[in-house]
Amino acid sequence: MECSEKRLSATVFGEKKHFQNLSKDEAVNLKFSDITYRVKEKNKTKTILNGINGEFRAGELACIIGTSGCGKTTLLNMLAGYRIQTSLGQILVNEKIRDSKAFGLISRYVLQEDTISPYFTILETMMFASNFKLDANYTKDQREKVVFEIMDMLRLREKANTLVANVSGGERKRLCIALELIDNPSVILLDEPITGLDESSALQCIKALNQLAKGGRTVICSLHCPSARLLQMFHKVYAMSRGECIYQGPRNHIVPYLEQLNLQCPLTHNPTDFIIEVSINVYGDFQNEMVQQIKNGKILNWHPGVSQLQQNDDMAVCSSSNPNKREIRVSWWLEFQLIFIRFMKQMWRDKTNFKLRMLSYIMCSLGVGLTYSKISDNAVYSVFSFYLSFTMIAMIFFMAMTPMLALIPREIHFIRREYFNHWYRISSYFVALLTSQLPLLCGMSIISSIMVYLLTGQPMQFWRFCMFAAMVILISLVSLSFGILVGSCFNILHSLFLGSMSFGVMAIAAHQSTHGKNLSTLHEVTLYSSFMRYALEGVLVPLLDLNRPDFPCPPSEWMCPASKAKYILMMFGSLNISYTRSVVVLSSLTVIFCLMAFLIIKYRLNFKKASSECKRQTYRES
Ligand SMILES: Nc1ncnc2c1ncn2[C@@H]1O[C@H](COP(=O)(O)OP(=O)(O)OP(=O)(O)O)[C@@H](O)[C@H]1O
């Protein structure tokens, strides 16, 4: 609350101080020592970070430089606590061992890949984020002021009403940064924030980060090779090569540092270009000498004459061991509402997808209805009622499941950044995702039921139709949740393959008609292990059971057993069907699939890889 008042007075009612002052007790110094990260690759262990050390202090704009593949992203991921466990080595926050959860609340990480929903404008995206990131007592005007201030700083105001789908790569990158600045974090980590930007946009972006650092934040970004002009903005350079630290200190000390190794930086060269050239052995292999000279990062701030390890105390930044935590500010219910509205808008704006889904429901229902349009007119065709039920289930299953197989893997990709940066709880997101699918799903299931029921001339009994439509909705729900479950486990390609495959397997299991009534225990177990079986029974009850009127016999037929619905049920070994059982099983499966999907998504979002060495240690200990 105190924090929010400070922000209000600083930004909304006063001059633009939002990014100038960070309260002293929120200054965060980040130190790491002996960080090693190894991965297993084809029975070999690959070392990505090799016992590196270093420090990033509040009030500094620091850049991690190095060639592609030297380990910059891995180091940033580790410092941010993103997808990698700090298994070997230590990370200290204000001289105390980092508590990942508490650190997550005061730090924000701008990832290399800029995954933002393309269906919203820049302003809408910013306002959406501000709902979670600013205190609930902010008015819309106050939110807008904060949002516009950040947009001004990152030169995004002119593009406020442009859809993210239409903005340039650089603007999207700046938007990613802007989103994470809204809640004024103490630590900002950015992975390649200027890749793909032209020199002037990059300069603008780095200027903004420089301002943030001057306001007391710890700003760390990884860069490939900043130009001399950009380099002027940085207070500290941390150079890496092959997973080790080769330099750490002010930008203007790079040249004397290399001179100690008899490496003369040509006058025309940018020092960072030069140190990178040295790291890739253009002038011979100096890797070990450089690592030794900087003690793999234990020398925290190199300057001429320094060869001993020293404390970095030349920065007048007050640090506290307990930076203020920023808890999630918005209630679960409000989070749910905001995400639900975003999903609905997204669905509406993705018009092609929306129209295709509606059209495919209508066309398929029309196709099914017309194919089986004669089954109620003549007992000769009555046997096709069974196939009608099956076709209907197949149609509903695919219509409800397939969009989820494409949506969920894409969504996991989108929400990874938002969830990691503490925008919202995963439970509110998941419930919003689920419920936002219901209006279209239930609406189209009802329309399909009406079309198929009428076109196939089923008995005009309202209660019978309601049972049929209710079962179709239930089958849609279980298929939707099954789609979410499969989508939460695999990528789009694998999900689509497995989703279709599973239908084949379940359909075979659900459909053992040649065995009639005399099913062995094994057959019965296989039959009822498929949720398709319960769906089939649930549809057969309103279509063929509950004293369905007889099918009309053609005058030419003197014996016409197929006019009796019970006869058809008997033929397919389905005399023992129960609507209630189908409802109970399908509802339970819907809940189970949803719960499993929720737990899997949560696990995937929280999953952190440990160093392979640490895994072996843990294994040995256990
Ligand atoms: N899980 C993994 N399995 C195998 N190799 C990995 C794994 N994670 C990272 N690497 C390798 O570790 C090295 C460092 O990766 P990292 O992404 O940190 O590099 P980087 O310096 O950020 O590169 P760039 O500038 O191109 O983004 C790369 O060679 C990468 O292929």
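Each residue, glycine too, has its Cβ placed from N, Cα and C.
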With TrEMBL as the source, identify the stretch among 221-239, 354-372 annotated transmembrane segment. 354-372
Stretch of maximal Cβ-Cβ contact with the transmembrane segment (492-510) [cut-off: under 8 Å; candidates 384-408, 429-456, 579-601]: 384-408
Using a Cβ distance cut-off of under 8 Å, indicate which of 384-408, 429-456, 462-485, 579-601 has the most pairs with the transmembrane segment (354-372). 429-456
For the transmembrane segment (579-601), find every same-chain residue at least 6 residues outside the stretch whose CB is under 8 Å from a CB in it, and list them. 408, 412, 426-427, 430, 434, 467, 471, 474-475, 477-478, 480-482, 484-485, 487-489, 531, 534-535, 537-538, 541-542, 545
